Structures are given as C-alpha cells and as structure tokens.
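Participant: Got these off TrEMBL a minute ago, pasting:
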- 54-81: transmembrane segment (TRANSMEM)
- 118-135: transmembrane segment (TRANSMEM)
- 121-485: domain 'Peptidase M50' (DOMAIN)
- 147-166: transmembrane segment (TRANSMEM)
- 186-208: transmembrane segment (TRANSMEM)
- 449-471: transmembrane segment (TRANSMEM)
- 495-516: transmembrane segment (TRANSMEM)
Amino acid sequence: MEGRRLRRARRGRNHTQLLPLSSSSTSSSGCCWYLDYKILFLNQPLFRFGRTHAALLTPWFSIGVGFTLTTLLAVSLILLWDLARTLHIFPESWLGDLSSASLFGFWPFSSSPSAVDAIYVLLSTIISVSFHEFGHALAAASEGVEMEYIAIFIAFVFPGALVAFNHNLLQSLTHFASLRIYCAGIWHNAVCCSLCGLTLFLLPWILFPFYQHTGIPMVLAVPSSSPLSGYLSPGDLIVSMDGATIKSPHQWIKMADFINKLAIRNTNHSRYAKGIGIVNSGKGYCVPHSLLEESIKMQLEDHSGCPDDLAAFATIPCFDKTIFDDQIHCLNAKQVVKHGKCGDGWVTAKADPNSCICSQDRTCSSPIQRPGMIWVEVSYLRPYSEECLQHQSKVVVDSRGSDIVESNCGGTIVFVGDVISMASSVQLTAYQPRWPYFGAYLPNILEKIFVCTFHVSITLALLNSLPVYFLDGESVLEGTLCHFTSLGSNKRGKILRLCLLGGTLISLLTLFRIFFKFL
C-alpha cells in the first residue's frame, strides 16, 4: 500500500531530510543512509478520538490553515528579502539577520553549549515533534483518514519523525480538507509556543505554594572554575551590581554587559599611572586625607609597588585638584570600599560634572587596574546564615580569586577582571524556596524546558512553512494552489516546481551564509 508522507524537519537546526518512497508494515526498516522505527499502537486511539470530536477539531484546524498560509507568506517574503540583501539590491539594516535568526533557529541559551543544555534541547525536540505529529494525526482522523503509522527515523545523520497516511484516502478529500491536515503540524507547533509562553508567565503563581518570586536572584551554583568560587555559595541572594539593583538572572547578565561597555567608553578618559596600570577616572571613592597621608608614608619606604594585601589608587583629576594629584597610594581596599563613591563611571551615577567632587577633607581616588580589567562591586545577602542579621562586611577579590577580607554573612564583593566571564560563571534563579534547600533547582529546570521548547517549536513551525522540497511547505503550497486557483494541472505543476526550486535554492544559500559566518 502506498503511504502518503507529511515531510518535515524535526530539529531546530536540522537541514531538509530525504525520505524513502515506499512504506513498510514492519515495525522497523533501514538501509545504509536511513533507519526508522514505526509506532502502530496509537493508530486506533487517535482515530477514535478524532472521529468522536470531529465537530470541534474541524473548525480548530481550519483556523490553523489561515495561520499557516500567513506564515508561509511571511517566510517567503523573508527569503526574498535575504536574496535581495545577498545580491546587494537592498542596503544592510537591522533586518539583515532576520532570516537566519528566525527561520533556521538559534541557541536558546545565553551561555555556550553544554551537555546539560543538549539534554534540554533533546527533551524539547521530543515535545515539539510530538505536538507536530499528533496535529497531523488528529486532523486526518477528524476527516476520516486513519494514519498508517508514526515513524521515528534517522536520515543520514539527521533525526526526525513522520506520519504516513493512505494516499488514496487523501486524494478523495477536498482540497481544503487536505490543507487542514497539511497545516495541522505547523499550527500545533504555534499552539505549543503559546502554551510555553503562557506557562512561563504564570510560573510564579503556579509555584507560589513552594517558591517565592521576590525579584532578587538566588545563587544556584558556583563552579570551582568561577572567580567567585569560595565567595558566593548556593542560596546567596544577589542584591546589586555597582549599586544597581538586580531583579532577575537576565538582568544580571545584561548589567554585566552594560558595565563592560561603560568601562570601554571611559577608557578614552583614562590615563596611565607610572607604568603600573590604568587609572579609570569613572570610578572612585572619597578617601579621607588622613588615610592618603598614611599611604604616602608607606609608599615612600618601598618604591617596588604595593604589598599584596594593599591595592594601588590614584587621584581622579577634577577641577578642584588637591596636592595628592598624580600620587600613587597603597590603600587597604577593605577600608576604601566603606567610603562613599565618586566619579561618573558607576552605573548609578548621574550626568553631573561635579560627580567626582568629595567633601573638603576627602579626595576622590580611583583604583589602578591592568588593561582589560574592570572594577565592579557585587552586593549579596546570605539569608540562611545565622550571622547574616548580626554582621555585614566587605569582600574584595581580584581576577585570581585572592581575598582581602573575609565575609561571614554577605556584604559586597569587589571583583577586578573580566566582568562578563564573571557574571556568566554563576548560575542564578529568580525563585527562592520557602524552606531552605527545598528543590532549589526545580524552577530553573522548568524554565529552561519551557524556554527551550518555545524556541524549538517555533523553529519547527517556521522551517516547515518554508516553500521547499521535503517539508510541510511543499504540501501546503500544493494544496493552496489547488484550492485557491483555477489553473490547469500542467500550469499548476510548473508554478509549484518553480516556487519549490526557488525556495529550496534560496534556503540553501542562506544556510551556507550562516555556516560560513560562524566559521
């Protein structure tokens, strides 16, 4: 019996897949480039469910036809736009990466790929593919067409899945009924995206009995490779970065990127201090004159540099320069960070020309940093520590992880180094368990699953909307031409082949451009 396959890509980053032309009644089949496993036990349950609820499913999948045709038109325009950019017909703009970012998928996580993230992608792919295939099966059942099987396959190195139907039964349907079946997978992927987005929005309320979503991110893990290892612990709460309140893990990464850009901008106003490093005029502390005088006496005794337990500071040049200008001071960072901030390089600083002015008995002094190093303060709390309500202290660490003063319950960490790498090395969550150490990882796992499923599902929907060979877009385009035009079979076939050939070539060209871009 000849089986009609609905062809589609399964993974968010997969290429098109070639399927065999003959069906098999066995549970599995394979050859040198293709291996599949056929699932038959779902045929009757899905068919009975589809026939029983046909009155509801038919209008439901009719809505899916409208959505899919709109998506088909949109992705076709994106392909044409990408072709025009490649041929330099249109100038470069913010729409330049629209096709690569939306049609062919992207990594759903902000960090580099890991084995754990790959598991999330695999699980999300299974969920998205299941929504897709059951959509086809239910749409066919509502039209009275029973599927032959659901197959999970590997073609070359690309995994996927498909549903097979009786070709003669499909041909006996009206064109619009066939469209409902062809469009059902894309429509169900869109519904899956909506459900994931809605669940993510409602997740704080769903988890409310067990977790609180207070707007203060909590530390889940600090790997041993992190520069903050030994200074932050699981359960600590991140309060602020450079004085700016941190309300979510996303804002933590975003703020680190902003501070990095701000430091690069202020580099133009920096100056070298006697070959030791760079004095950034943006960040400073109002240091009392008495403390500076003590540091000068200490420095005069040894010109080789500051001791390991002290940090080098220089005066920020302001229009009320003091006698300490161009002097290098070896200061105890534990004492310095207790004083007020000055300079316009802090995130919370306002555009004030007098921002580096301190009181008359104090001088605005900035730490001397090595090129590429950034001085950033991270305030945290340790709510599950008994000492947290009784003690507060400061911790200063550099990029090598050496500390200047230890903390008992939390306080402020001053990190000097690559701020983006530092922020990425700490795993945070927006949820706090109502009881200590009660399933702290569960909300983070659920968030990642829903976020990843959202991205994989929308990528499947957009990929299958492409007017290319071997994907759902081929059947959708064919059904659209049959239903909405009165062209003869020869003209319709020529237009179909022309559209599919053009769409396939442009899609392959875009894929090659993306591939060589990331080499």
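Just so you know, glycine gets a Cβ as well, placed from its N, Cα and C.
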Participant: Using a Cβ distance cut-off of under 8 Å, indicate which of 54-81, 118-135, 186-208, 449-471, 495-516 has the most pairs with the transmembrane segment (147-166).
Facilitator: 118-135
Participant: Taking contact to mean 3 or more CB pairs closer than 8 A (sequence separation of 6 or more), are the transmembrane segment (495-516) and the transmembrane segment (54-81) in contact?
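Facilitator: Contact between the transmembrane segment (495-516) and the transmembrane segment (54-81): present.
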Participant: Limited to the domain 'Peptidase M50' (121-485), I'd like the whole-number average of pLDDT.
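Facilitator: That stretch averages a pLDDT of 81.
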Participant: Please give the sequence-distant neighbours of the transmembrane segment (186-208): residues at least 6 beyond its ends with Cβ less than 8 Å from one of its Cβ atoms.
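Facilitator: Distant contacts of the transmembrane segment (186-208): 61, 63-65, 67-68, 71, 127-128, 131-132, 134-135, 431, 442-443, 446-447, 450-451, 453-454, 457-458, 460-461, 464-465, 472, 476.
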Participant: If we skip the immediate neighbours and take only residues 6+ beyond the ends of the transmembrane segment (118-135), which ones have a Cβ under 8 Å from one of its Cβ atoms?
Facilitator: 8, 10-12, 46, 61, 64, 108-109, 150, 160-163, 184-189, 191-192, 448-449, 452-453, 455-457, 460, 464
